[in-house]
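Undergrad: Pulled these features from TrEMBL for this protein:
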type	residues	note
DOMAIN	17-177	domain 'Thymidylate kinase-like'
BINDING	GLY19, ILE20, ASP21, GLY22, ALA23, GLY24, LYS25, SER26	ATP binding site
Amino acid sequence: MTTSPPLPSAAGWFIVIDGIDGAGKSTQAKRFCELFNHCGFSAIQSFEPTDGPWGRKIRESAVSGRMSLEDELHAFLADRHEHLETLIQPALANNQVVIVDRYFYSTVAYQGLRGIDTVDLLDRMRAEFRIPDLTLFFDLTVSLALERISLHRGDIPNEFEQEDALSRIRETFQMMSGVCDEVRTIDCVGDVDTVRSNVASAIGEYLRSRPDVLAFDNQAKTRLLKALDGIVESRH
């Protein structure tokens with residue numbers, strides 16, 4: 001497997017936030033999208049499965065009865081191709097920052113529960129789809145994830161939100177973090193503001209190590225780095 005991260009394109013910046021349920025991915029994706037915009041970049045937030053026809057089909061099947069393994073995987077891949085072609089790639093070409101909540105890493109982790117070889121599937125995903133410039137894996141203990149899911153939703157957990165399933169999913173994310181150089185693991189055990197500080201630290205460290213990233217607007221980048229430092233310092 002090729003583990004080297006892609007060189008960021010001259011235009012835009014592609015960030016993915018992924019990980020097990022209950023880690024707070026959507027909350028932080030929204031906050032950091034707002035931060036990028038506040039600092040002067042044009043940033044958009046998206047998610048997978050999308051609201052497109054394939055994404056809707058995936059969500060409907062979760063209620064009406066899951067598709068076969070082959071049909072479900074096909075739907076996820078078709079949804080992702082459409083997502084890249086209609087939203088992600090055009091936005092990046094337009095110098096936008098794109099933050100996506102879940103990407104092919106989730107496909108590997110969750111389809112692995114259905115018996116697919118996760119290493120082979122990860123190789124396929126990395127060959128078939130654009131690799132993000134930076135991926136943040138939100139990680140926390142399974143027991144805490146289940147506690148948060150119950151607290152925030154209060155309904156009956158789905159089949160992926162059981163202790164055994166979440167443990168296996170987390171193990172797959174940990175495996176991927178060890179072989180994908182674009183991945184940084186974020187400790188999500190703390191409260192929302194602590195997690196925000198951990199994310200800010202990871203983004204700031206990455207940007208300082210890669211002066212070519214976001215170089216199309218160095219004034220906005222300087223403002224962003226200052227804001228990221230402020231978030232980190234506020235928690236110390």
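Every residue number used here counts from 1 along the chain in the order it is shown.
Even glycines carry a Cβ here, placed using N, Cα and C.
A TrEMBL annotation is a machine prediction, not a hand-curated record.
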Undergrad: Which one of the binding-site residues (ILE20, ALA23) has its C-beta surrounded by the most other C-beta atoms within 10 angstroms?
TA: ILE20
Undergrad: Summarise the model confidence on the domain 'Thymidylate kinase-like' (17-177) as a single mean pLDDT, whole number.
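TA: The average pLDDT of the model in the domain 'Thymidylate kinase-like' (17-177) works out to 93.
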Undergrad: Taking the Cβ of SER26 (ATP binding site) as centre, how many other Cβ atoms lie within 10 Å?
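TA: The answer is 13.
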Undergrad: Hey, of the binding-site residues listed (GLY19, GLY22, GLY24), which one tops the CB count within 10 A?
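TA: By the 10 Å Cβ neighbour count, GLY19 comes out on top.
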Undergrad: So around the ATP site, GLY19, ILE20, ASP21, GLY22, ALA23, GLY24, LYS25, SER26 aside, which residues have their CB within 8 A of the centroid of those CB atoms?
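TA: The answer, listed by sequence position, is PHE138, LEU140, ALA145, CYS188.
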